Each structure stands twice: as structure tokens, then as C-alpha cells.
Amino acid sequence: MFKKHTISLLIIFLLASAVLAKPIEAHTVSPVNPNAQQTTKTVMNWLAHLPNRTENRVLSGAFGGYSHDTFSMAEADRIRSATGQSPAIYGCDYARGWLETANIEDSIDVSCNGDLMSYWKNGGIPQISLHLANPAFQSGHFKTPITNDQYKKILDSSTVEGKRLNAMLSKIADGLQELENQGVPVLFRPLHEMNGEWFWWGLTSYNQKDNERISLYKQLYKKIYHYMTDTRGLDHLIWVYSPDANRDFKTDFYPGASYVDIVGLDAYFQDAYSINGYDQLTALNKPFAFTEVGPQTANGSFDYSLFINAIKQKYPKTIYFLAWNDEWSAAVNKGASALYHDSWTLNKGEIWNGDSLTPIVE
């Protein structure tokens with residue numbers, strides 16, 4: 001009897017050991033586009049796992065300017081001169097929505113693509129944003145408010161306004177296609193700061209909720225998503241939703257989990273420990289980033305070392321930040337070296353290990 005009992009215990013022990021020894025199944029985070037290119041899938045999954053690391057877990061980022069007008073590698077060069085490091089993410093804006101042009105699509109420029117391709121091939125990740133011209137006008141007017149009736153016309157492809165929007169989207173898609181052809185994944189951030197009252201696609205009054213406007217915004221976002229994804233077949237985009245931290249209704253405009261890969265905040269602040277919206281955005285269960293950041297008072301006195309410390313203490317799910325250029329740049333403020341050399345910060349050249357991304361931590 002004792003012998004049988006011992007054998008039974010031994011069998012149970014061996015079975016339990018086998019179960020415990022079985023490798024834990026990896027948790028994969030996929031892009032919302034089911035047809036995403038394999039490289040884009042790999043990058044998305046890698047980004048989503050960054051918060052599991054103990055260090056090298058927050059990608060640095062910087063805005064390089066507006067394509068054709070101000071875009072160059074100068075911002076990356078300034079940061080490298082100040083810190084000895086280069087930003088992991090480098091941003092370009094295709095849309096110069098303030099320009100008065102004969103045709104609204106002429107405000108779109110994609111000439112930054114060459115530099116973005118090189119940045120990717122040399123170990124960085126490109127980000128593209130859009131300060132779109134206002135289709136309610138012939139061109140320009142990206143900060144001119146529109147009524148909800150005008151908004152509806154923009155959504156209607158049969159109207160003059162709708163055709164203007166489509167002309168811009170077509171040219172943007174052409175530029176994105178160039179990057180896809182080279183296998184370059186893109187952090188794509190359209191229609192940002194929609195909860196603010198300064199861009200035509202957003203609210204019209206300070207912190208005044210407009211449910212119809214919110215619905216129209218969601219329709220516009222989805223229209224752009226379906227055009228890029230279904231009509232144009234662009235499978236290299238990682239879709240980023242980025243409301244403004246200093247306004248209410250941060251998640252009201254959220255178009256849905258099927259349309260967004262990363263959520264973030266555009267945050268201009270004096271106190272890095274008092275940024276609003278982190279809990280609201282992370283509750284959407286998407287990877288979180290500071291999609292645009294800078295000091296509220298841009299006089300060179302801001303200390304960016306406080307920002308990375310705040311990320312570590314208050315916003316630990318952050319996977320990247322993208323600091324604006326010019327007077328908001330880390331290079332012309334304090335603490336740039338501390339920001340770029342912090343143990344949590346991941347810079348260009350630290351993303352890849354040979355031909356593979358650095359290992360994922362489950």
C-alpha cells in the first residue's frame with residue numbers, strides 16, 4: 001500500500017513538473033489592420049511589450065519639421081550634439097495646412113520620405129502627422145472653425161468639400177505608399193488634439209462638449225482609416241490616437257479599439273508630474289505614448305530630466321515620447337543628456353540586435 005502511494009505521488013510530481021516546465025505561451029499584440037505587413041506586426045508587438053522591461057523601455061523621439069518647409073535632420077543633429085545620442089523616433093508632418101495654394105492637395109508634401117527611409121534603415125522608426133488644410137475652403141485655414149453642417153459636407157465625397165479632402169488623402173496615401181514599398185513601418189498620427197478648439201476637425205469652443213461634433217470626428221477618422229487600409233491597401237501603418245492633455249473629453253473622440261493601435265497624449269506642461277489623462281488613456285487597454293511633448297513656457301528653462309523621472313514614477317506604461325522641435329526641443333532646454341542617457345530611455349541604434357529587434361520581455 002505504501003509503495004503504491006509513493007508511486008502515485010511520484011507520477012503526480014512528474015506530471016506537475018512537466019506542466020510547470022512547459023514554456024509560457026507568448027502574448028502577441030497585433031496591429032488593428034489584420035493584413036499588416038510582417039515587419040509592422042513585429043514592430044507593433046515589440047512596442048507593446050516595452051513596459052515589461054526593467055530598463056531600455058521608453059523610446060526617445062523628436063519632431064523633424066514640416067515636409068518641404070521646415071523638415072530636415074537638423075533636430076536630430078542638435079540632439080546628438082547635446083547628448084551624444086539620436087532619437088529613436090523621428091517625426092515629419094506631410095500637411096502644411098496654413099498654405100494658401102491653388103489646389104488644396106498642393107499643401108501636401110512627402111519629400112521627407114527619403115530621410116525617413118534612411119532613418120529606418122539606420123535603426124530608427126518614423127512618425128508621420130498631418131496638420132491638414134481645411135476642406136471647407138479652397139486651401140489653408142487649418143485653424144479656422146467650421147460648423148457641423150460644413151463638417152458633414154467634408155465627409156460627403158460628392159461635394160466640393162469632400163472632393164478636396166479626398167484629393168489630400170490621395171496625395172498622402174501616395175507618400176505613404178513610397179514608404180511601404182521600401183518596407184518601412186510608420187507611426188501614423190492623423191487628426192490629433194481633436195478635443196481642443198484650435199483645429200478645424202476638433203471642437204469649436206473651450207471644453208464645451210458637442211456630441212454631434214464627436215460623432216462627426218469619429219466618422220472622419222474611420223473614413224481616413226478605411227481609405228488608407230481598404231481602398232489603398234496600406235499595410236505598414238501603426239495607428240495613433242492622440243488627444244490634448246490640457247483639454248477635457250480625451251476619450252470621447254476615441255473611434256474604437258478596431259481603429260487604434262497606440263493611444264497617447266499631446267502634452268505641453270510646466271510640471272511633468274501633473275499631466276492629465278494618463279489613467280483615462282491607459283484604461284483603453286492600448287499601448288500608451290506621449291505623442292507630442294514640450295514645455296508650456298518655451299524659454300529654455302525646462303528640465304527634461306524631470307520628464308523621464310515623472311514617466312518612471314507616474315506614467316510607467318509609456319512606450320515612447322516625441323518632443324517638438326524649435327524652442328520646445330530637449331536640445332535647447334535643460335536635462336537633455338539626462339533624458340537621453342536614463343536607464344529607461346531607448347535611443348536610435350538600441351532598437352535592433354543585428355537583423356532582429358532586441359528581445360521581447362513577456
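Backbone N, Cα and C atoms are what each Cβ position is placed from, and that goes for glycine too.
Listed in Swiss-Prot:
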type	residues	note
SIGNAL	1-26	signal peptide
DOMAIN	38-349	domain 'GH26'
BINDING	HIS131, TRP198, TYR268, TRP324, ASN325	substrate binding site
ACT_SITE	GLU193	active site, proton donor
ACT_SITE	GLU292	active site, nucleophile
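Where Swiss-Prot records a feature, it is marked here on the structure.
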residue : record                    : Cβ neighbours (10 Å)
HIS131  : substrate binding site    : 16
GLU193  : active site, proton donor : 22
TRP198  : substrate binding site    : 14
TYR268  : substrate binding site    : 17
GLU292  : active site, nucleophile  : 26
TRP324  : substrate binding site    : 20
ASN325  : substrate binding site    : 24
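Per-residue confidence over the domain 'GH26' (38-349) averages 98 (mean pLDDT, predicted model). Residues HIS131, TRP198, TYR268, TRP324, ASN325 are recorded as binding substrate; their most distant pair of Cα atoms lies 20 Å apart. The two recorded residues, the residue listed as 'active site, proton donor' and GLU292 (active site, nucleophile), show a Cα separation of 10 Å.
Rounded to a whole value, the Cα-Cα separation of HIS131 (substrate binding site) and the residue listed as 'active site, nucleophile' is 13 Å.
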